[in-house]
Amino acid sequence: MSIKSDKWIRRMAAEYGMIEPFEPGQVKQKDGHSIVSYGTSSYGYDIRCSDEFKLFTNLNSTIVDPKRFDSNSFVDLKNDICIIPPNSFALARTVEYFRIPRNVLTICLGKSTYARCGIIVNVTPFEPEWEGYVTLEFSNTTPLPAKIYANEGVAQVIFFEADEVCETSYKDRKGKYQFQQGVTLPKI
């Protein structure tokens, strides 16, 4: 299994539609202002979050149960920024839509710009033949409110090409998060 380079990422985006919209270079400025970078890096792709957020709230004072998750635990927000309360979290989705080839698995890691501020980005692997917008999880580990910027970089996707094609892909298993379009809550 090998990590794939910028050349491979560009080729797969062009020929396979692996990432849409796709940025072949690194974008570090917008309208003359510095932003958290996004686009193709040496051995990965820096993804952006859209302006669609689900902000966790404890207004209903419920127990967080992944098997019976209460959607009323979130407040929907559409904005250029999302302020996450102390020790809380928010969900968002990527700007980019992904189509993962059958012989590829990805790992996604948060950008250091956010990590150095106590904001942790968690994303599970994109499995072979998974397709959709990625749901992003942001945890504010600080005792202060934390800001997330829409349409800027939040995490890096690293692509691994397998030595052998898997017998059963995410698509074959009819994975429950296949073709997700928006911010997707837990499913069982």
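Including glycine, each Cβ sits where the backbone N, Cα and C put it.
For reference, Swiss-Prot has these:
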ACT_SITE  Glu137  active site, proton donor/acceptor
BINDING   Lys111, Ser112, Thr113, Tyr114, Ala115, Arg116, Thr135, Leu136, Glu137, Gln156, Tyr170, Gln180  dCTP binding site
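Note: the CA-CA distance between Lys111 (dCTP binding site) and the residue listed as 'active site, proton donor/acceptor' rounds to 13 Å. Cβ neighbour count for Thr135 (dCTP binding site): 19 (other Cβ atoms within 10 Å of its Cβ, all protein chains included).
Here the CA atom of Glu137 (active site, proton donor/acceptor) lies 21 Å from the CA atom of Tyr170 (dCTP binding site). Over all protein chains present, the Cβ of Lys111 (dCTP binding site) has 19 other Cβ atoms lying within 10 Å. Rounded to a whole number, the C-alpha distance linking Ala115 (dCTP binding site) with Glu137 (active site, proton donor/acceptor) is 13 angstrom. In sequence order, Phe89, Ala90, Leu91, Val121, Asn122, Val123 constitute the residues six or more apart from the residue listed as 'active site, proton donor/acceptor' in its chain with CB-CB distances below 8 Å.
Around Ala115 (dCTP binding site), taking its Cβ as the centre, 14 other Cβ atoms fall within 10 Å, counting all chains. Under the three-state DSSP scheme, the residue listed as 'active site, proton donor/acceptor' falls in the strand class. Cβ neighbour count for Thr113 (dCTP binding site) (all protein chains, 10 Å cutoff from its Cβ): 15. Among Lys111, Ser112, Thr113, Tyr114, Ala115, Arg116, Thr135, Leu136, Glu137, Gln156, Tyr170, Gln180, the residues given in the record as binding dCTP, the maximal Cα to Cα distance rounds to 33 Å.
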